[in-house]
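S.K.: One structure, as structure tokens, below. Some questions next.
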Amino acid sequence: MATQSISKIVLAYSGGLDTSAIIPWLKENYGDCEVIAFVADIGQEREDLVGIEQKALRSGAASCYVVDLRETFIKDYVYPVLKSGALYEGSYLLGTSMARPLIAKAQVELALELGADALCHGATGKGNDQVRFETTYTALAPQLQVVAPWREWDLRSREALLDYLKGRDIPTTATLEKIYSRDANAWHISTEGGVLESPWSPANQDCWVWTCAPEEAPDQPELVTVGVEKGEVVSVNGVAMTPFGCLQALNALGTRHGVGRIDIVENRLVGIKSRGCYETPGGTIMMAALRGVEQLVLDRDSFQWREKLGQEMSYVVYDGRWFAPLRQSLQAAADALADAVSGEVVIKLYKGQAIAIQKKSVNSLYNEAFATFGEDDVYDHSHAGGFIRLFSLSSRIRALNSAKQ
């Protein structure tokens, strides 16, 4: 059990069962230390924040700070990753992965402001989040102690946590009936557990929270025009908005048409495979818009580099290395490529799909005169022969050498 001397500790608090139990547990096991509850508002469900300060105080916290990070989350964390085209293992838009460094950074800043000597999170010992939180803590405030209750206590079940709170007369609205584990922010919502623990069991409707089932979506497609400047979405249907505002507008459209659902088995950083259902409606539309502009403005080599860049960025962000030099280096490359990614894209939303059907950009490299197959073709076909001979020279040499043997 605890051996460190801690007088004041800042807890990343969600108001859920786990972190509600952590508050009294910290006071009992760390010398009746002062526990400060920190709540990051990153666009999670509004009902999760109602009365959260009172809930923290009833659990024994000395105070509770709720910090609005919604715009910061989208502008400074989501948009930079979106520029790179990062998709973890080809499909996951990194909703939880991008949020954790921001939460941990704001938590560290509050701890330093209040003169705390320790930080605490409620991530389990099997998941990725413990790594993401603590890697950020180490990068920004290595002098602060870190407490991870799930790696210390013997409360291993939901029932044990409920009994723990009941024994201390701490009220909670949690029950034993919870089946799924969910994480939500402005960008996405994830669902794990329950029926999803068997990869052979299809996800049922309870696994989806935000989005309409594609087969039940409207029978008529809906078109949305997305404005992009330097790799960032700046307007929806001609209306300029903040990053968070753009996401809210696209989320509303995407959920109605069942856009942004994925059901995947992913490789966790800690070596365990896990299955989850992710819903990222607005983000999926944004990704389609950016890729549409990229098709016009990036040459072949730049596009291939962006593909490699996105893959590497996905691993760095997923692993929680947001403040590492590698992530910053990758970001510089992504920003350079995105400098030309400006334009407008019309996205068709229909039965779970978001398809770019019209696109334009002042930086477009697409030239109709060169692309046409008509008689007014400005491309001299005879030039292709010399290019092909040089392009295939290594193959020719290899074949000639083989013939001599």
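Each Cβ is built from the backbone N, Cα and C atoms, and glycine gets one as well.
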S.K.: Please identify which of Gly122, Gly125, Gly127, Gly167 is recorded by Swiss-Prot as part of the ATP site containing Ala12, Tyr13, Ser14, Gly15, Gly16, Leu17, Asp18, Thr19, Ser20, Ala40.
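M.R.: When Swiss-Prot describes the ATP site, the candidate it includes is Gly122.
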S.K.: Just give me the nearest neighbour of Ala12 (ATP binding site) among the binding-site residues Tyr92, Asn128, Asp129, Ser181, Tyr278, Cα to Cα.
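M.R.: So, of the listed binding-site residues, the one sitting closest to Ala12 (ATP binding site) is Asp129.
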S.K.: Once the DSSP letters are reduced so that anything not helix or strand counts as coil, what is Ser190 (L-citrulline binding site)?
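M.R.: Assignment for Ser190 (L-citrulline binding site) reads strand.
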S.K.: Looking only at Cβ atoms, how many others are within 10 Å of the one on Tyr278 (L-citrulline binding site)?
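M.R.: Its Cβ shell of radius 10 Å holds 25 other Cβ atoms.
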S.K.: Out of Ser20, Ser97, Thr124, Ser190, which of the binding-site residues has the smallest number of neighbouring Cβ atoms within 10 Å?
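M.R.: Minimum Cβ neighbour count within 10 Å, taken over the binding-site residues Ser20, Ser97, Thr124, Ser190, occurs at Thr124.
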